[in-house]
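See structure below.
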Amino acid sequence: MKKIMLLLMTLLLVSLPLAQEAQADASVYSYQGIISHMAPPASPPAKPKTPVEKKNAAQIDQYIQGLDYDKNNILVYDGEAVKNVPPKAGYKEGNQYIVVEKKKKSINQNNADIQVINSLASLTYPGALVKANSELVENQPDVLPVKRDSVTLSIDLPGMVNHDNEIVVQNATKSNINDGVNTLVDRWNNKYSEEYPNISAKIDYDQEMAYSESQLVAKFGAAFKAVNNSLNVNFGAISEGKVQEEVINFKQIYYTVNVNEPTSPSRFFGKSVTKENLQALGVNAENPPAYISSVAYGRDIFVKLSTSSHSTRVKAAFDTAFKGKSVKGDTELENIIQNASFKAVIYGGSAKDEVEIIDGDLSKLRDILKQGANFDKKNPGVPIAYTTNFLKDNQLAVVKNNSEYIETTSKAYSDGKINLDHSGAYVARFNVTWDEVSYDANGNEVVEHKKWSENDKDKLAHFTTSIYLPGNARNINIHAKECTGLAWEWWRTVVDDRNLPLVKNRNVCIWGTTLYPAYSDTVDNPIK
């Protein structure tokens, strides 16, 4: 009997840990859904690996950490190379003479943030594994189709406590990650939005006067190519000096979702993934693995400002209009703004998730920028930018953009006139000469001497006339003399003004008597 009792007690003691282990397994399995909704740890818990899985992980870590590449030069965009600079040129346009000048310029920009537009949004999610290669530079990330382990996401919306801003995604596929992001946003909307009713978007904007597509791609990233299909920057007219355009990228960032850094490269892969799998997918030193470490969600606006003005203050006028500052009292800036237009391409900021294109005059621009300034349920964010880190060492992957381009500047010289007025008691003669400047095919200045057809002809009082001069007139000389009737000084000089600048209205008047002539030279509305 004692033996039987001893046997029963032994069986009971053995079965108790087995039951506890089975219960623990069931508990683990119950949390193997897509997303853990409990407060997650700082990094996702990992199941013990089998010997084969440990070997796979060790080989992956050794392979990726052994890849030899220069992180500063693997993501490089080399745009246009300018060999020949077109010469200076000039042409007549209405009542102005336009001088167009070209200069070789270069732009070198390091971009840690990569723009997202709607056509790429499906490829962009926090934690995505991509190759750091030319496709990433061109904003066409090559996502690695491998099985994934769990990742921890965090969001930077305010007020979230007790790890409410974090979530563990057990199987980091695109759909599961997106579900995780939506869960974080819903959690904030349900628990914290009433306490923080007006979350102002973080504002980030950059701007560049437009000269070539290569220049703007270097400035804003490869996404600009697709944006310009709607923006339609008129590079041809810009090159001819007929228009001036500026492109502004205005981001309203509602929130950013980050991915916890992996403690080792293998931590981002499913346990069945091998080094050979990665090699077969083309992962090597020329195509090292990287991951999308953060994604900014919000509203992204590209604005093109355009004017046919040849003023050198166009950029100042555009900047003033964009910032909503007053230009009252500055006639030149007022005229530029009143005669300028804009075109905006808007991504995000509405529940419809559509791309919006708006045209108008600059007075309406500020209203568009104010829309979507706050994050709420009516203004859901879309992916607008992302950053990538190298999986080897979690170092930031920066895209180096370089391009040369031709900067085109134009200057308008308005036509002017000289008004002659003779009311003196004598016979007078005028002599008016000037130079007209143009440019040959090589950009060399060509100077042609001109003179008034009525030079040195007798004029009796009261005589008036106007001599119209083109905008390229320079070195204006005005000479007037009067007949005194004196044998020893038959002609006396009244006016001898030389190398005068062209102005809108120059009034030269002579009067008086043969012995006491007089004159005046006044200017109305001088041309600046």
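In case you wondered, yes, glycine gets a Cβ from its N, Cα and C as well.
Keep in mind that this is a model prediction, so the values were computed, not measured.
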Swiss-Prot annotation (transmembrane segment) - matching range among 199-212, 213-226: 213-226
Contact set, same chain, for the transmembrane segment (233-242): CB under 8 Å, 6 or more residues outside the stretch: 89, 98, 100, 210-213, 216, 304, 306, 308, 310, 406, 408-410
Residues from the same chain, set at least six apart from the ends of the motif 'Conserved undecapeptide' (482-492), whose C-beta lies under 8 A from its own: 424, 426-429, 510, 514-515, 517
DSSP residue counts for the motif 'Conserved undecapeptide' (482-492), split into helix, strand and coil: 0 helix, 9 strand, 2 coil
